[in-house]
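What TrEMBL lists as signal peptide is 1-27. If you look up TrEMBL, you'll see 31-488 marked as domain 'Glycoside hydrolase family 9'. According to TrEMBL, the feature active site maps to H415, D466, E475.
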Amino acid sequence: MTLLIISLARLLLLSLLLVGFPRFASSAHDYQDALSKAILFFEGQRSGFLPQDQRITWRANSGLSDGWMYNTDLAGGYYDAGDNVKFGFPMAFTTTMLAWSVIEFGDSMPPNELRNSLVAIRWATDYLLKTLSQLPNRVFVQVGDPNIDHNCWERPEDMDTARTVYAVDAPNPASDVAGESAAALAASSMAFRSSDPGYSDTLLRNAINAFQFADSYRGAYSDNSNIRDGACPFYCDFDGYQDELLWGAAWLRRATQQDTYLNYLQSNAQTLGADENINEFGWDNKHAGLNVLVSKEVIEGNMYSLQSYKASADSFMCTLIPESSSSHIEYSPGGLIYRPGGSNLQHATSISFLSLVYANSLARTSQSINCGDIYISPSMLRQQAKRQVDYILGDNPKGLSYMVGYSNYYPQRIHHRGSSLPSIKDHPQLFACKEGSIYFNTTNPNPNVLVGAVVGGPGEDDMYEDDRSDYKKSEPTTYINAPLVGALAYLIANPNPSY
């Protein structure tokens, strides 16, 4: 009887929590279709020599000579967004999140989409291995001068801008990029462990070496005078390098189960500020993700020496629930998580992903979170994540899918060079630096549909103007899509998370 009363009380509480969020008329979403498209997007972001099975066929080879300045092969990898630069910091984070999506939710993916996810991961990890090929003394952190690139509007296939290579040589620091690269390769080694154990071993070995560089030469990569002008203000390390050291160690602990990394997490929690800025997660700040990742050992493995990480993870989850006394996350009138700074949907996808991962850990051990005045159950976190994903797919005041190619109503004028210019197949003649400007300035829809691209999205008022020049809203990025892959995989198997 007591259990029944508790269950009814939780159901009532969740119902009350959901009252505060607006409802929009919609049919059930096709999460499998959305997942397929979210993964397909990465093929449109590819740099390098494209394979025969390339599915986004308006793209072609680009950046084949990347690395020539150092007489090394740096072809491959992904363009981060709508430009033609390969920024190592967000690319590594994208890779970590794709790999974590497979580790956590790969079992929920249809087999062909699990395979496509691994292909997307490998396109990145093959490149990251190249950037670490001159360890222990050098890390390559970026290819392409963004200031020159952003002054042009041209297809990646036509690039005639400087393909400047940015490298950090020891003892100069790159703890952030090297630490995130270590996380990416360690997580990816787990994703490939069953399907390609040899490749998995290679990734893990390089992850260990990358972490060694990160920890030995401490500091932010963008503090180096030869890097600053290329990385900033685009992907400066604004929040410090310490979180990437803990994040890299946490993934190496997860991948190896070695006590070396457990001891690192225990002994450096205070000195590296594990309990600071705990309510942020993205390409620059790893704290919330770090705490969720490490908490798995506390919740499921009773590793109480890491309890401080779980306390921070609990605190973060409490901030997501509006009725919690510790809530401080902003929501738009339509119910979208909002953070200032542009490219807002990166917050919706990454926080939704963390909510689902944490809910899984809690559910496996029948735990909930004590938020002081209320208890938050795994199902509440799952409902919260589902609302964010559904908003992206069209359950919003504009009735617009913010994923290109999903449904019949989606952005037509995204801020993306390759999508907005006629493809090299339709227009084989070169577009020089400024010759694409007419296509940037036109109000016509983009000629090439970048299927699966999730744009930066609306701001705090739920408004979105389909305007190519408004890059903060209309530009897609790899790190918006990567965590969404995991969230969509979960929702395929659980389209209506239990109340």
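Glycine residues also receive a Cβ, built from the backbone N, Cα and C atoms like all the rest.
Annotations in TrEMBL come from automatic prediction, not curation.
Between the CA atoms of D466 (active site) and H415 (active site) there is a gap of 10 Å, rounded to the nearest whole number. Taking the Cβ of H415 (active site) as reference, residues of its chain lying under 8 Å away and at least six apart in sequence are, in sequence order, G82, V455, R468, S469, D470, Y471, S474, E475. Neighbour counts of Cβ atoms within 10 Å were compared for the active-site residues D466, E475, and the top value is held by E475.
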